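Peer 1: Here it is, the structure, as structure tokens.
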There are 4 protein chains.
Amino acid sequence: MSANSFGNLFRLTSFGESHGKAVGGVIEGILPGLDIDMDFIQHEMNRRRPGQSAITTPRDEKDQVEILSGVFEGKATGTPMGFLVWNSDQKSGDYDNIRNVYRPSHADYTYQTKYGIRDHRGGGRSSARETIARVFAGAIAKLILRREGLTVQAYTSQVGHIQLDKSYQQMDLEVAESNIVRCPDPEVAQQMIDFIDQTRINKDSVGGVITCVIKNVPVGLGEPVFNKLHAQLGHAMLGINAVKGFEYGSGFGAAAMTGMAHNDEFFMDGDRVRTRTNRSGGIQGGISNGEDIYFNVAFKPIATVLKEQQTVNKDGEEVPTVVKGRHDPCVLPRAVPIVEAMAAMVMVDNLYLNKMYR
Amino acid sequence: MSANSFGNLFRLTSFGESHGKAVGGVIEGILPGLDIDMDFIQHEMNRRRPGQSAITTPRDEKDQVEILSGVFEGKATGTPMGFLVWNSDQKSGDYDNIRNVYRPSHADYTYQTKYGIRDHRGGGRSSARETIARVFAGAIAKLILRREGLTVQAYTSQVGHIQLDKSYQQMDLEVAESNIVRCPDPEVAQQMIDFIDQTRINKDSVGGVITCVIKNVPVGLGEPVFNKLHAQLGHAMLGINAVKGFEYGSGFGAAAMTGMAHNDEFFMDGDRVRTRTNRSGGIQGGISNGEDIYFNVAFKPIATVLKEQQTVNKDGEEVPTVVKGRHDPCVLPRAVPIVEAMAAMVMVDNLYLNKMYR
Amino acid sequence: MSANSFGNLFRLTSFGESHGKAVGGVIEGILPGLDIDMDFIQHEMNRRRPGQSAITTPRDEKDQVEILSGVFEGKATGTPMGFLVWNSDQKSGDYDNIRNVYRPSHADYTYQTKYGIRDHRGGGRSSARETIARVFAGAIAKLILRREGLTVQAYTSQVGHIQLDKSYQQMDLEVAESNIVRCPDPEVAQQMIDFIDQTRINKDSVGGVITCVIKNVPVGLGEPVFNKLHAQLGHAMLGINAVKGFEYGSGFGAAAMTGMAHNDEFFMDGDRVRTRTNRSGGIQGGISNGEDIYFNVAFKPIATVLKEQQTVNKDGEEVPTVVKGRHDPCVLPRAVPIVEAMAAMVMVDNLYLNKMYR
Amino acid sequence: MSANSFGNLFRLTSFGESHGKAVGGVIEGILPGLDIDMDFIQHEMNRRRPGQSAITTPRDEKDQVEILSGVFEGKATGTPMGFLVWNSDQKSGDYDNIRNVYRPSHADYTYQTKYGIRDHRGGGRSSARETIARVFAGAIAKLILRREGLTVQAYTSQVGHIQLDKSYQQMDLEVAESNIVRCPDPEVAQQMIDFIDQTRINKDSVGGVITCVIKNVPVGLGEPVFNKLHAQLGHAMLGINAVKGFEYGSGFGAAAMTGMAHNDEFFMDGDRVRTRTNRSGGIQGGISNGEDIYFNVAFKPIATVLKEQQTVNKDGEEVPTVVKGRHDPCVLPRAVPIVEAMAAMVMVDNLYLNKMYR
């Protein structure tokens, strides 16, 4: 029900907007006794942080997490973990120009109409700053997955018209973290970086696609019929800002296929039942089958562009506007850890849920 | 939490498998006083029913709904509505051949492994027969939407490689119901029908895409951050059998666009704030903006093909199998009312939720 | 959220009113592979059934449960179990006298005002007939508890002014099932029976108290802070018709005690940590401590009395009324299995939830 | 599901333990535009605060709330409100004596066994300090109720054996706030104070009862069947530390009554349907009927007494213990605002839920 909570047994409830005092949340369902590896957590936070490279927004957010509860002597206690990151980067006074203007393809108009009130200083609750809580909770989730051997790894597979044409099996995904666009193919990565840089110079923005792979998944995760594992993953991804589409396994490409071409034949790999192909994307009937789970997430170009656009204001007047503020021409690199975080939370939740049947 | 419930204030809890006694469910949150228009409801049920045409499965299910509670003198009372459809078409005895075999790309293996037990006579809970409950609840939801003026209309926009290249605005969507493939362009419909017929003769199956359009949506529906309106719609669609992808508005196409090309400029249409284009798909920041909501749902070819395939059985032996049973070469036509039903439920739930703010 | 669902991982969603076609529900979270012992289940149903004895309502309901899904070859499959009991005992035509009258201390007025519509033929959704679903789901829950060794046993400890002054440890609780009032002390039972019989002759009704004991509870069940085990039990009991109060362990008596007199000292019973006294009622900090859980549930006399009372009708007129229909002077005996059922469901849900921590 | 969240549409998710950095939470569902009256809120916080008077614990907690999000220019924005109170009063090093000891009737043993780990410095999550979040959220809820005209007022009606024998109608409830025990009868209040003071000198503690009255309730609140209004209130109260029982309206007294004596006759009060008596406690069939809602909450004497007791430690040894730390001989006065807070949250949630039917 709660729109600010995600998950069931492993559950994040988040709060905070771009120009309030802090963003943060509460995480429930952390495995008691879990080592809270702060180095790993801060590393994950830094991956999301703006200002990591020349092609992202220059805003230098510290994103230093403060844990308020739920940990004792470095270990999770099983009680809810409150946490926050202060919003240090608030400047008041320079927002009057956007107080009454609805920026095109932003959430200004819809928030104003739904709630009848709005913090006009930036994106408010719809700001990407809200994703801090997701990445933090995702880092905790990854620590739990690590104990079970699961890995979750995402990378940029498309920026604008530049598409990576290799499948994830054909590349060393670790390479993704070695370049600022987070693409595991160095050559394509450089093309993407150049394209983003040009977009930045053009004061424009560009969309793209993130691919995510989950490995070492036990058979049996997922809760049919309405909470099929991929439905949960899709829900998670579509809740990320700027996401316009989700597909898993064969995805939209499956629409053009026939059953004989699409079906994954089973075979025995020693004692283990496996499939020769994996168009199912590791999920059959909404339940993991032990093969790799992989999916794509489409991002639109973010709405903040620095050129003049036509729009309307609260008084119902048509006015031109030039959106000010920091400019992040392509959010894909920073969205990679967000995709991973959401996926990790889904997987932990389903690991817990599945224990019921044992 | 519950994987067999969908929705919050308007909520369906469903039960039933293909070879049990009945399928059905419980619907909560029906507006008290609502006229339960049984003609309309049965019409919707008939749209989902197998055996409607030569291109779908010949199974002749009656799908006559029996309402057990929640109605008095033809009107909803506000109490939960129990309902069921009897499974008349059960034949026992002829399922021994599939008792131990995991049919490729079916849910046999994953259900067996998750639950340790399985009704092997057909798809069990993963059977499309489960969608009866969805279409019934969707019909009730549509009756509620009708009072508010909203419409939900879906149609087949792709079958195999045959793609409809017109946008929904360029066609009369009512036409979709005049042909058996439910495509609003009669010419393309005929190509699709021919292709499906050939697929049927080939004992194969084929996938496709359904497009859905929701009109007359009030501004303000949707619950950020985790339950953005499109995240709810995506969750709903990805819970339908055989769905592999979801995109709304500009969808995956947005990945290749720039912000200036993608942003929807606002303008005043009389008193009303509107956008000149609608790449946002009627949703901004996860909240409806009053423009049409539209989205695409990708379906894989269903796994039941009548040719020999390789697979394994419960004893870990690799065996050939020929799946028996009725053959539905393309589920798209029958999935159209399911897509509508799920979308209608999401919209009613959000209409209710939004009343909180008044 | 859903007011017709109870529980989280083990979950009942119920439907049905006294004069609809059927009552029933959907149960999720039944352990896959569980033997569905229909004899036991029907035995539990019969304990709730009216017409068991001279002191209860003469209505002879069959309460034969029909299971619609979720079972295969006698075992639970892990899929939701739909079930129903047909309402055979509907007579139409003789309800006109109560169509517009609000019977005192019934739910007629509040339902009519909340929903704007009401099935006036009997109690509708507020009828005790709704508890059929609870007893059925409770029977399933008991089958699960049996595997874990837990027992749930309730008995009548007060009827009107007749109070049983022995604690549950001082009696053989099995005796309760040997008399029609379900009191484990045969002498007090007879007094209660005589009193109820007199009440019946007086065309009046009488309240009472049911005590419930849960044994062999593992340490660690319960989910603080808001879902303490006793808060869940209290919620469950207060949702039963006619319940006015709940207390566990020392209960209201604790208010008059001092800490030194109330605290339960720990001691070692072999390897096991135990308490010498059990004023905590088996729950400390909202979590079971392994001692017996026991609690009391207060029932008001039910509102249906056969004497003339003053009331008002829908037109706002003050009118006298004599409530017709079957007369159940004391619901306590039939409420005993309902109390057990709700308690059993709470315990199963918490057993499941607790597996998360393993 | 979440044990750290309370409510549905108006929802508190809390975190924090006595010896962590902070306690706090997230509130969702605050009416957008609501004036956040910080003076009122802090006044409520101060009512809960220890150290208010000679008869409560001398711990001088500041309990200054810091709001982190959800407010703009003094008004609620509709986005979640994060908040915290720092734990200033942490002293480390002096807890070694209780590291391994299970204090009698505390939650040490059950938490340790459930989670396998525990912050032994004080009560951890089971500490009364957790109720800070409840009182804060309750203050917000009261601000919403104020707009609708509802009032929620609680008072101490029993301390040990000293019972207030007047009903709430016979007193001016405002008087309760004029004395330190929060009893509206000044004479009885003085007896209670004297008794508590003697208990304090005895190094002991004492229980009691709090009565709560909710006025100006609209007809129609409450969600049958499982979430009857009183079941929600009971759930809320039983989740408060040290609560052992809950009764509403006629409560446990109803057990000894007959139907004719218990039923509340309806009459017309002008246009309004009312009842001449109110044994129903303002709730019929789980739905408010417009009369005053009133209920009693029983508190045990808290477990912290300063005398030697027998117990066991983690090593399974029986040992004597003298619990150290501040001593709060009677929590009733401080629990009064907590009872009000929980009741206020329940009422707001139901006000919201009820809007669905309009």
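Including glycine, each Cβ sits where the backbone N, Cα and C put it.
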Peer 1: Let me know which member of D:Arg99, D:Arg200, D:Arg326, D:Arg358 TrEMBL also records as binding FMN at the site of D:Arg125, D:Ser126, D:Ser127, D:Asn241, D:Ala242, D:Gly285, D:Lys300, D:Pro301, D:Ile302, D:Ala303, D:Thr304.
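Peer 2: As annotated by TrEMBL, D:Arg125, D:Ser126, D:Ser127, D:Asn241, D:Ala242, D:Gly285, D:Lys300, D:Pro301, D:Ile302, D:Ala303, D:Thr304 share the FMN site with D:Arg326, chosen from D:Arg99, D:Arg200, D:Arg326, D:Arg358.
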Peer 1: Of these binding-site residues, D:Arg48, D:Ser127, D:Lys300, which are close to chain C by the rule of a Cβ under 8 Å away?
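Peer 2: Cβ contacts with chain C under 8 Å: D:Lys300.
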Peer 1: Among all the protein chains here, how many other CB atoms are within 10 A of the CB of D:Ile302 (FMN binding site)?
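Peer 2: For D:Ile302 (FMN binding site), the 10 Å Cβ neighbour count is 24.
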Peer 1: Between the binding-site residues D:Arg48, D:Arg125, D:Lys300, where is the Cβ count within 10 Å the lowest?
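Peer 2: Checked D:Arg48, D:Arg125, D:Lys300; of these binding-site residues, fewest Cβ neighbours within 10 Å: D:Arg48.
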Peer 1: Reduce the DSSP letter at D:Ala242 (FMN binding site) to three states and note it down.
Peer 2: coil
Peer 1: Taking CB atoms only, which of the binding-site residues D:Arg125, D:Lys300, D:Ile302 fall under 8 A from chain B?
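Peer 2: Sorted by position along the sequence, the hits amount to none.
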Peer 1: Greatest CA-CA distance (Å) over the residues D:Arg125, D:Ser126, D:Ser127, D:Asn241, D:Ala242, D:Gly285, D:Lys300, D:Pro301, D:Ile302, D:Ala303, D:Thr304, D:Arg326 that the record ties to FMN?
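Peer 2: 44 Å is the greatest Cα spacing among the residues binding FMN.
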Peer 1: Within 10 Å of the Cβ of D:Ser127 (FMN binding site), how many other Cβ atoms can be counted across all chains shown?
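Peer 2: Taking every protein chain into account, the count is 23.
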Peer 1: Among the binding-site residues (D:Arg48, D:Arg125, D:Ser127, D:Lys300, D:Ile302, D:Thr304), which are close to chain A, meaning C-beta separation under 8 angstroms?
Peer 2: D:Arg125
Peer 1: Helix, strand or coil at D:Thr304 (FMN binding site), per DSSP?
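Peer 2: In the DSSP reduction, D:Thr304 (FMN binding site) maps to coil.
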Peer 1: Quick check on the binding-site residues D:Ala242, D:Thr304: which one has the highest count of other Cβ atoms within 10 Å of its Cβ?
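Peer 2: The residue with the most neighbouring Cβ atoms within 10 Å is D:Thr304.
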Peer 1: Does DSSP put D:Ser127 (FMN binding site) in a helix, in a strand, or in coil?
Peer 2: coil
